[in-house]
Every structure is written in structure tokens, then in C-alpha cells.
């Protein structure tokens, strides 16, 4: 199952590289000037990112094979995966996320080149690829030996992917600044009443956008929480209902030691009979005879 998913991810990366090359040829034939410059810079950065991801997936596959061979013993590969089902699920989930992110990046780049998409889509896809890469490395490290060369190579590939993803973000932002026209804010011809009206309308838009932004942040948090649960993490609600752990024996306090009562706390008639014997007992204890008995 893991080998199949890794192979599927590799095919998705290869297909993404081919599609970017086709987009590059189309952009050179249909655009010119600043648009061509921006498109080439964005597509080149996307190509570099795809190559980095391809190397990452290849290295991850080699490390995964090394882990299975060193840990399965006399068991078969399928038995090893079944015995380590949680690790297997995490590895498959991370591999799927990397392949899906690469596919989404290419589709977003295609829409940007055709001027039917948003530059922000490319930026978000780049961030998602970096996060998926970190997830894949973390899943691989669980079973890998610290001294493994393949693990060291995988970590180096991860850093390279992050660097290439940052380049995609940088090229996208700079291209956006070049392509999009900036509206000049010239209010010199407005009257006082017109300026006040524009000011109030702008305040309304700001409040609407702030409310919408807050709602989207809450929604994003819930989506990430659910993604964490589906990816194999524990349900955050379980943490609240989980009983508190019992205190350890080592931190229990010893009961206080009973103190010997002082002489003043002992009844002068303790252990003595009432009457003459009590007087004699008091005499032997205190050296004098009380005037009256209680």
C-alpha cells in the first residue's frame, strides 16, 4: 500500500513537471513584454519546486524501504505495515498531501498564466507544500535510525523544498506587483460632503471585511483541527473528558507525627482513683496536696 502511494505521488509530480513545460511554451507564444517576463519567472520557480519535490519523494521512498528491511525481521512487508499501522497511515497521508499540493500548485499556476486565477492561490499552495513536506519527514523519522544516510538526505531535500517554495512565493508577489495596476488615490476634486460620504462608506467596508476575516480565521482553525483528527491525531474533545491522572506515590505527604502532650495537658487525676488514692497520686506527682478535688 505504501509503495503504491509513493509511486502514485511520483507520477503526479512527473505529470506536474510536464504540464508546467507545456504552459511555458504556451506563454512564450501568446504573451510578450512584462507579462511574458512575469509568467516565465513564476513558471521557472514552480519547475524548480517540482524538481525538489521529485527528489524528496525518491529519497523518502528509499528511506521507507530501508526502514522496512531493517525492522521487519522474518515478517513480510505487508505484516510489517500491518503491525505498524499508525505509522503506515501517517506515511500514506503525508505522501498524498505532497502529491495533492503539487497538483494544486500546477492548476493555480495555469490559471494565473491565463489571467483567470488569483496570485494568492499560488502562495497558499506553496505554503501547503512546505507543510506537507514537513509532515512527510516527521512520519519517516519515527522509524528511521538517527545515523541513516537516507534520513540525512531526506532532511536536506526538505530544506531544499522549503527554499524553492519560498522562491515561488517571492516570484508570485513580485509578478503581482508588476501586473496589477495600482489605483491612485486622488481626492483633490471632492467636496467636503463627498469626502465625508466616502469616508463613512470606507469605514463600513472595513468593518465588514474585519468581521469576515474573523469568521474565516475561526473556520480555518476548525478545518485544521478536523484535518489533524483525520490525519491520525487525537480528538481535542477527548482531552477535556479524559480523567486526571492519579497522583504519584512519591509526592504523597506523610501524616504528621503525633506529638507527646505536655505536662500541663495531663489531668492531675489521670490514672488515679478518686479519694485518698488520688491525693496520694497527686502528692507523688507534684509534691503537694490540692486543697480540693474536682
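Note that Cβ sites are derived from N, Cα and C of the backbone, with glycine treated the same way.
A TrEMBL annotation is a machine prediction, not a hand-curated record.
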_Which range is it, out of 153-189, 190-226, that shows up in TrEMBL as coiled coil?_
190-226
*Restricting to the domain 'I/LWEQ' (1-231), report the mean pLDDT as a whole number.*
85
